[in-house]
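Undergrad: First the structure, then my questions, so here it is.
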Amino acid sequence: MRLSLATSAIALTIALASCAAPKETLQETTPVAAEATTESPTVTEARAFMARAESELSDMSDEASLVFWAQATNITDETNAAAAEIGARATKLSVSLANESKKFNIDDLPQDLARKMTKLRAGITIPAPSTEGAAEELSTITTDLDAKYGTGTFNYKGKDMTLDELSTIIETSRDPEELKAVWEGWRTVSPAMKDEYARMVEIANEGAVALGYPSLDQMWLSNYDMAPEEMEAEVDRLWSQVEPLYKELHCYARTRLNAQYGDDVQPKTGPIRADLLGNMWAQDWSGIYDVVKTDTPGPSYNVTQRLVEKGYDPIKMVKTGEAFFTSLGFAPLPETFWERSMITRPEGKEVICHASAWDLDNKDDVRIKMCTEVNEEDFDTVHHELGHNFYQRAYKDQDFLYKDGANDGFHEAIGDFIGLSITPEYLKQIGLINESEMPPADADTALLLNIALKKIAFLPFALTVDGWRWDVLSGKTAPADYNDAWWAKRLEMQGIVPPGPRPADAFDPGAKYHIPGNTPYLRYFLSYILQFQFHKAACEQAGWEGPLHRCSIYDNKEVGERFNAMLEMGASKPWPDALEAFTGTREIDGSAIVEYFDPLMVYLKEQNEGQSCGWDEPAAE
Ligand code: X8Z
Ligand code: ZN
């Protein structure tokens, strides 16, 4: 499996993610148009070509998805070889169609056809050049990287531990020595990936250049209905909206960690030690809620405990997630979902546990693949994954190249948007808490802190991952500098440092799924902004007047209908059209997330008063 954790089967196999730049943009950003023949073939010819391309890609997708699924749910030499083989064929097909499309001058085509042509060209996540053997070598590497990550273990205290087990220690241990050992231990899986990764970057960049892009990062950034540099400017703008909130959260968390661990482990100033933040990659800090919790009253229950006490098992968690969607008016998942999904880690098999949602036939065969455990985090993840599946189902009648998210951030945001409606009131409605446990208004700060530890802490992490990768793909960062550049970005954006010096052969980016898995990461940054925009718009549609974090759209069919109208569009229109269909605005904007956390911001500022926030100054020795 190459890339998608999420999108349609075609994105999974052939990497035709959302793109669709308008005509003008294409000319600016891709020399492809300039190379097009002067004698433009007719529109009829272009239509015939596109019909054939969509049909061939659809057939390939159906075939490849099954092979990738077989590999992800049972990693063996055999399934790896089969995945590598079909991966190479799929890449060759998509590259050859993209090249063939160059004979059509996009400017001569009607909008719809032009949109599809751009999707054919820009949508290949890891392209190969047409050189003999390149697609095969690339596919062998990507399959191998995936398998190395999926099967990685670290022997701790005499036991071979998987990522789930190591992650649990990072989340629950408060012993800094143990945290450091486990954090460093997981990163022993990735040095073996580095040479292959560097070779992959080389081949994929040749592939991007052959398709007419300056480099692969620019090709990735061409998937947002605007020029790559405009999209980068959008990202900067969004970050500047939310950065002040992150800075306050960082400052506040650092003070609490200092109180917990003392100056020797976590100084009062400077960056935070990455292994103390309750998550293997410091991307979600809710694991240390108990360490950093506010001194104001908080909820009296703990969702994980409640799920356990109420006898939830993984299936019941997924059923509960499905019930949220059906409460909005969506049809239930098909029987095959329950028969074919991998909901828990199977005994006696190596699998890729990183959660993902699949659409195997681009019609009804949707599935999830998770190693679900009964806890709050996986309850959220279940909603996240189901969001992908319900989106896939909603756009299944679109043409093949439009069976995708409006952009990849939309795909990631659907389930999380639903997750924002898992409020105390909703927990009461489904019987997880009772009336007397409903947190009063003075628990809002604590409730919001818990959510901020997930949502705000994540934002600079997401930018770190693709900030690093764009520099790698553009050639700005050479293989010898991979690890240093990674930590330079982690420090700059997140204000975190490793618990000790890193070994010379370290390849720490490889210890995060989406790097060996080649899943672009900007999508999650966009999702975390968009989901709050969706939430705010939905709550307004529902006539909600209270604070945004108390609003749940559970059971609201009118909101569901309008939401579905956006989902059904798939990728058929530029993403601002889809955004407008649901929210009434065409601009992606951070003001909804800022508004949502406003009461918390007031508290954090109060708490941080007198502190020297930020991490520019050298850490106290
Ligand atoms: O990879 C995922 C999903 C599948 S698309 C589980 N997420 C990112 C991650 O785990 O790093 C969701 C949040 C960010
Ligand atoms: Zn996802």
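Using the three backbone atoms N, Cα and C, a Cβ is placed for every residue, glycine included.
TrEMBL: automatically predicted annotations, no manual curation.
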Undergrad: Please pick, from Glu350, Glu373, Glu412, the residue that TrEMBL records in the Zn(2+) 2 site together with His384, His388.
TA: Glu412
Undergrad: Can you sort out which of Cys251, Cys353 is the disulfide partner TrEMBL gives for Cys371?
TA: Cys353
Undergrad: Using a Cβ cut-off under 8 Å and a sequence separation of 6 or more, which residues in the same chain sit near Cys371 (disulfide bond)?
TA: Asp164, Thr344, Arg345, Val351, Cys353, Ala355
Undergrad: Inside 10 Å of the Cβ of Cys551 (disulfide bond), count up the other Cβ atoms and send me the figure.
TA: 22
Undergrad: Give the helix, strand or coil assignment DSSP yields for Cys551 (disulfide bond).
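TA: Cys551 (disulfide bond) sits in coil per DSSP, no helix or strand.
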Undergrad: To see if you understand the setup: which same-chain residues, six or more apart in sequence, place their Cβ under 8 Å from that of Cys539 (disulfide bond)?
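TA: Leu548, Cys551, Ile553 - these are the non-local Cβ neighbours of Cys539 (disulfide bond), listed in sequence order.
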Undergrad: Express the distance between the Cα positions of Glu412 (Zn(2+) 2 binding site) and Glu385 (active site, proton acceptor 1) as a whole number of Å.
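TA: It is 9 Å, counting Cα to Cα.
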Undergrad: Please list, in sequence order, the residues in the chain of Asn74 (N-linked glycosylation site) that are at least six apart in sequence and whose C-beta is under 8 Å away from its C-beta.
TA: Pro346, Lys349, Glu350, Val351
Undergrad: Provide, as an integer number of angstrom, the distance between the C-alpha atoms of Glu385 (active site, proton acceptor 1) and His514 (active site, proton donor 1).
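TA: Between the Cα atoms of Glu385 (active site, proton acceptor 1) and His514 (active site, proton donor 1), the distance comes to 16 Å.
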Undergrad: Rounded to a whole number, how many Å is the Cα of His514 (active site, proton donor 1) away from the Cα of His388 (Zn(2+) 2 binding site)?
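TA: Here the two Cα atoms lie 17 Å apart.
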